[in-house]
Amino acid sequence: MQQNHSVTEFILLGLTQDPLRQKIVFVIFLIFYMGTVVGNTLIFVTIKSSRTLGSPMYFFLFYLSLADSCFSTSTAPRLIMDALSAKKIISYNECMTQVFGLHLFGCMEIFVLILMAVDRYVAICKPLRYPTIMSRQVCIILIVLAWIGSFIHSTAQIILALRLPFCGPYLIDHYCYDLQPLLKLACMDTYMINLLLVSNSGAVCSTGFMILIISYIVILHSLRNRSAEGRKKALSTCTSHIIVVILFFGPCIFIYTHLPTTFPMDKTVAVFYTIGTPFLNPLIYTLRNAEVKNAMRKLWHGKIISENKG
């Protein structure tokens, strides 16, 4: 194989090569993507429009929904289009853009989930100081720091990707572009880059997961002294968060913490956190949250009344 430093395009193999299964993939993931966009848009429109959803928890939920929509958009449209394409070709620049977007919004989702856990910890364990600690100014600063951290993380990933020399054929056995599939095409020893990948993406996922688990253990432990009604309300909110954390971090940790070896199931596992979780998050946060459901009813009921009057 000839080493090529000026590769212009790659070819994705996608989730399957079978024509019938490709059509099934198109239908299923089109539904998932549309559900993700509609569900998350509904959440952040409701939060922005409702006066009752002004607490820090919903401030962070707004950014989680935004990150979910962008995270899914970085991978799902390409998967859907490629399912009906005879040749799944993508340019080098588009590939690098997808790597950057995937890590920017994926890392942002991790940071927002951590901020939501911190918010719940302060609300439940330090209720008297909650308005002071989690003021709007503090929340804005935390979100800005989350964006900065996500940008630094994704920049580090793209620097690693841009330094890779590639060898033909430029076939990537995946449905999206990330560092692991690209490393298999590199004309160099990628062991050190794999270590850097684990120390960057793997550390972000694992550390974030540990922080979240510890925070929820502390929260659940502190609920022992609460009334039955207080415990029920706090558990309802925390359960939603814990479900999202497990669904997102489980596959994420599996993908980004194993060294050079890639497994056949990597593509299937990646689907869970790149497409499955952004689709499920709006369902989890609306179905299990009475305040969001009530705000949605008022919002759409008000729109229907105003349309009828008009």
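Just so it is clear, glycine is given a Cβ too, placed from its N, Cα and C backbone atoms.
Note: TrEMBL annotation is automatic and uncurated.
Sequence annotations record features per position, and here TrEMBL assigns domain 'G-protein coupled receptors family 1 profile' to 39-285.
Under 8 Å from some Cβ of the transmembrane segment (24-45) lie the Cβ atoms of residues 14-16, 61-62, 65-66, 68-69, 72-73, 76-77, 79-80, 83-84, 275-276, 278-279, 281-283, 285-286, 292, 296, 299, all in the same chain and six or more residues away from its ends. Residues or ranges marked as transmembrane segment by TrEMBL: 24-45 (among others).
The transmembrane segment feature in TrEMBL is assigned to 57-80 (among others). Residues 12, 14-15, 25-26, 29-30, 32-33, 36-37, 40-41, 43-44, 47-48, 90, 98, 101-102, 105-106, 108-109, 112-113, 115-116, 119-120, 123, 136, 139, 143, 146, 175-176, 237, 274-275, 277-279, 281-282, 285, 291-292 of the same chain lie 6+ residues outside the transmembrane segment (57-80) yet bring a C-beta within less than 8 angstroms of a C-beta in it.
What TrEMBL lists as transmembrane segment is 100-118 (among others).
Remote same-chain partners of the transmembrane segment (138-162), defined as residues 6 or more beyond its termini with a Cβ less than 8 Å from a stretch Cβ, comprise 56, 59-60, 63, 96, 99-105, 107-108, 111-112, 115, 179, 182, 193, 196-197, 200-201, 204. Summarising the annotation, TrEMBL assigns transmembrane segment to 138-162 (among others).
What TrEMBL lists as transmembrane segment is 201-223 (among others).
Packing against the transmembrane segment (235-256) from elsewhere in the chain are residues 57, 106, 109-110, 113, 116-117, 120, 180, 197-198, 201-202, 205-206, 208-209, 212-213, 216, 219-220, 223, 266, 269-270, 272-273, 276-277, 280-281, 284-285, 288-289: each is 6 or more residues past its ends and has a CB under 8 Å from a CB in it. Here TrEMBL flags 235-256 (among others) as transmembrane segment.
Taken from TrEMBL, the feature transmembrane segment applies to 268-287 (among others).
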